[in-house]
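See below for the structure under consideration.
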Amino acid sequence: MGESDAESDSSSNSSSSDTSSGSDSDARSESSSSESSGREEEEAKQEESAKDAKKTDDTDRGEKRAKERDAGQDEQPTEQKKTPAAEPRSERQHISHSAGVEKQQEEAVAAAEAESEKLNEAKKVETPVQRKEEAEASSVTKELNSPKAQEENAARELEERRKDEEQPVTTNGSSKESPVEAAAETVKPPTADHIEEGEITDKDEDDLPTKEEKKAVASKSPPKETQRKQSRSPDGKRRRPRSSSRSPSPSSRRRRRSRSKGSRTRSRSKSPIRRRSNSLERRRVERQRRHEERDKRDEERAKEREKRHQKGEPTSSRRRDDSREKKRSPERKRDRSSSTPKSKSSKTPRHTETTETNADNETVTEPAAKITERQRKTVDVLTSRTGGAYIPPAKLRMMQSQITDKSSAAYQRIAWEALKKSIHGYINKVNVTNIAIITRELLRENIVRGRGLLSRSIIQAQAASPTFTHVYAALVSIINSKFPNIGELLLKRLVIQFRRAFRRNDKMVCMSATRFIGHLVNQRVAHEILALEILTLLVETPTDDSVEVAIAFLKECGMKLTEVSSKGIGAIFEMLRNILHEGKLDKRVQYMIEVLFQIRKDGFKDHQAVVPELELVEEDDQFTHLMMLDEATETEDILNVFKFDDNYAENEDKYKGLSREILGSDDGSSSGSGSGSDSDSDSDGESGSDAEKKAEAGDIIDSTETNLIALRRTIYLTINSSLDYEECAHKLMKMQLKPGQEIELCHMFLDCCAEQRTYEKFYGLLAQRFCNINKIYIPPFEEIFKDTYQTTHRLDTNRLRNVSKFFAHLLFTDAISWDVLECIQLNEDDTTSSSRIFIKILFQELAEYMGLGKLNAKLKDDVLVESIAGLFPKDNPRNTRFSINFFTSIGLGGLTDDLRRFLKNAPKSVPAINAEILANAGGNPFRDGSAPAGNTKVAPSSSSSSSSSSDTDSEDSSEEDSSSDSSSESSSSDSSSEPKKKRKRKDKDKKKSKKATKEKSKKTKNKKKKKKAEKEQEKEKEKQRKSKKEKEKDKKRKKEEKKAAKKKSKHRRKSQESSDSSGSEDSDKSTSESSDSSNSSSDESDAEPQAKIKRQEHVEKNKFRGRTQDSDEFNLEGPGSKNRFQPNGNGQRRRDNSTGRERNRENSSYDRERNRGNSSYDRERKRGNSSYDRERNRESSYDKERKNRNAVAHDRQRKRDRSRSYERPTIRENSAPREKRMESSRSEKDSRRGDRSSRNERSDRGERSDRGERSDRGERSDRGERSDRGERSDRGERSDREKERSRAKERERDRDRDLKGQRERKRERDDGSRDRSRRERSSRRSKGRS
């Protein structure tokens, strides 16, 4: 009986200790309530403890005796430990006996409760577990009072004291236990409530006992009636129950301690207070052991677990008593240590059961056993409530890296913390410039799993820095386009935040929330209806703060609302206008409303809806949330907290695939620490829908070309720092350019060369050296040549010259192939002035380097025939003539010999076709001024064949000979004029039959009539002027001729002799030239263009000093009004006769103008029409008369001016009569000299005009039929004006000369009148008389 009581007591104590250690967290959560109730119990029971002090002393004495008796009965504790299953019957007896004892104890507890409730019924609250403990303690004390138990206990105490002296004592005062016992005591499964945050537990362990287990336990336990019967002592006296609340007096504590020595066998180290006071390390060790040994649940463990749940924790009073045991005397400690064998013996049934279960569980391993102790420490440090001890960051990262199991809570918790940290860091770093980079980094993190963290971070960052609201809104718009659920969550939280702040009258939070919502409206994340609802809410019941918030909100999204819903914002502004008119608000708010109206009037120009740099999402890609102000109800704050994910690895892979689709192939650097995926069911659907969306940007491309700029800078500095090209090439070859950078080097050579003021051979040699070193540089230079030719119009003259010389150097050194010339098409349509200048300088440079012969031989090479087909075209005679004239004009006519032969041997029908093309085009194909010819239109009567051109030449020459004085020319031209006239008439008859020529002739006739009428009017006016001038001249001549008649006759004779001699020479030369030209025209009628080109070359040879030579002889910039010729050989062209031209150049500007006038009027005589010829002859005669009159008037004017200068009344009045005679004689002499010089000039002019007419006959014959009469009249008028201007200039010069002469003569006379002696005067008189 005593053994069973002891065993039941020990089992109950051990189970209670297990419960207390296992439910540590539950005790913490209820500590405050339990401690407060314990304190009330102590205060209420202090009075009761004083009354019961005497009774407890008696019971203590009885308990000592009962212990001694029971010591003898408990002799075989170890045998029961080894063979617990061998005696099932005895065990059942012990259980039934303990049940009876428990029944008696319950009766004692009920009596004790009745007494205690009388004192403090309201304060004391006892649990069923406390009642059971009280019952067990009272039953044990009752049994231990028997005499046999006292004797046995006394004997056993002696033996146990000896054993205790030999056993070493632990640090906490308890004796050592066997390893099996220690494992059984330390490995105690906790209750379901004792789970710390982040603790790894088994789910099966936390389950409550099932109904079947409860039924089995209830069937095994004895009924309450038997317990009540056994609760009384053998003598029939009811025993006093042990009170749960103990008195604070030391005597009562000693009595209770001594009374419970035999029953409370648990050592000090096993108390819950001791366990709680131990270090964290010990608790972790216990938890580890508990996880390792807990695998299966059998029936026995289910029973124990049911008991543990029923009993619960010990009361707070017992915990205080256990804590006070530390202060007890060494005797109490020795007494307690002496009772440890009994406790060991009392625990044997439980230990046997646990050893059986441990033996069975050794073969089973749970997943939780995979986590090492180091990993568990890391998790505890991260997840414990107190934070744990400080661990350096490096060590912490090392500990975290050792956790690799993604399915564990430790790994997921670490990943969650890293995700939170990375999202917060990215949000704090975002700005306008790096928003694209930050967005890509955020999309690499699992923002679907951490969408709550992302929304919270963005809202907090925006509230902290409202000036960056537009940046955060742009970031949200980008994320919303990919994950609309994130944008919706953030918008919900913002709306709820605004409503809460509006109810609390928190203006600052309202301002920040509305500002963010306004920018989300601008970015099309939120619908404009939400903005209008907020504005209506703020303005409906206006206050100072609400109107201020509304104004701030309107400034942010007013432009967008005006674009989207003008009526809605108009209604809001009307409400604001009414508020302003009421005037109930503060003055400051009224001013703010007025400012807002002004901003609206300006069109919100200072408050743009979206900054251009932040307009990153297309309108079609954006997802707009239509959310009303009352719809947002749930903020989903649970998303801000860590949540364990069973399918962590699967969701992580899903998000990685989604991130790759969004970001493209640039996902290799994604961080694994923050990766993960949301475990919600809706995330899969969202990922499926978002997977169809593509990335906004691909690979990162450096648009600034930083590396290219650095390379160009290095090449430029290397080129400029080198002394010669060899050193520069050596340095550049050391740079080890990457593949593809060769073309940049070639471009730098050309750019540096073009930048120079003049071409430097350094760059050509440098490029040549690179082409010779490596052939990889040849294709880039050839490509650059073609590109440069196509873009020559972008280069100025200096750059164009340097570039063309640069490529000329590469060509003549054969650094690049001559096949690059195939890109040049030398014709009128495909060239520009810049391209012609480029070709000109290129070939001139090649001719200078190679010589004309070598260059011609190179171009005639069979390999280059196809490449130079564009330079020397043979497809069209028009293009052929253009090429011939171009190269001839730049001084390289020798290159066109083959083209001339080709054009000479071409059939005659080709020029006719060319003439039709020209007639349809309506102008000269050489509009760029390739030869010095007049700007004339194609006459309808012009013939395209070379024979017709020769006919017109001979006819014009015959007509001119008939009007001139030279008989030799007329005889030579008349001989061949008659048959040619017949041919010409036939050609004219054929051409007149054409409709196009008739229409053109009509137009030209109308124009000619108009011009004739205008000319006649001008002529009449000129005649009137001339008549007036002639009258004046005649009066002057009569006076002057009487004085100088003799001297004029002498000078006339001399001038005639000189003019006859020079005229004969000129006539001989002109006749020879005209005969040569006529012969050449008659002999070579088929090759007229070639003859013209030869004449052009002859012109180039006969350059004379007075004329400024053009650089190219080919007008590359455009045609001049006077310098044009027709490519078919029939245009006007000016012959340059050496003798006549040289004399004309040497004469004064007046003579040149006169020759131009004569030639212009002579050209008008070239038409075959007789009426027109007569009119032309009449005009020429008028012109001659007018010129003569002008010359006479000019001479008279000069004489009049001189005679005025000589008339000095002062000198004549003061001087002697002899001096007056001298002055008159001088004036006569001067007048005679002027007359002679003027006559000489007139005679020279006539002779020159005759010579010019004879020398220009060939030229007139070429140009006669192509020049329009209107243009001739215009030229005549221009020549007249130029003549008048030149005459005015000459008059001014003469006047200046005369004034200077007068001044000098005056000075001489003044000096002579003073110093001359009478001798000199007499000698002068004698000379004058003689």
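For all residues, glycine too, the Cβ spot is worked out from N, Cα and C.
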Feature phosphoserine, as given in Swiss-Prot - residue among SER11, SER279, SER1181: SER1181
Per Swiss-Prot, the candidate from THR226, THR265, THR952, THR1108 carrying the annotation phosphothreonine: THR1108
Candidate annotated as phosphothreonine in Swiss-Prot, where the set is THR191, THR363, THR788: THR191
Which candidate, of SER146, SER178, SER221, Swiss-Prot gives the annotation phosphoserine: SER221
Phosphotyrosine per Swiss-Prot (candidates: TYR1150, TYR1182): TYR1182
Residue carrying phosphoserine as stated in Swiss-Prot, selected out of SER49, SER90, SER96, SER219: SER219
SER31, SER1180, SER1286 - the residue Swiss-Prot records as phosphoserine: SER1180
Winner by Cβ contact number (other Cβ atoms within 10 Å) across the modified residues SER1180, SER1181: SER1180
Mean predicted confidence [pLDDT] for the domain 'MI' (710-826): 93
Secondary structure content, the compositional bias 'Basic and acidic residues' (1013-1033) (per DSSP, counts of residues): 21 helix, 0 strand, 0 coil
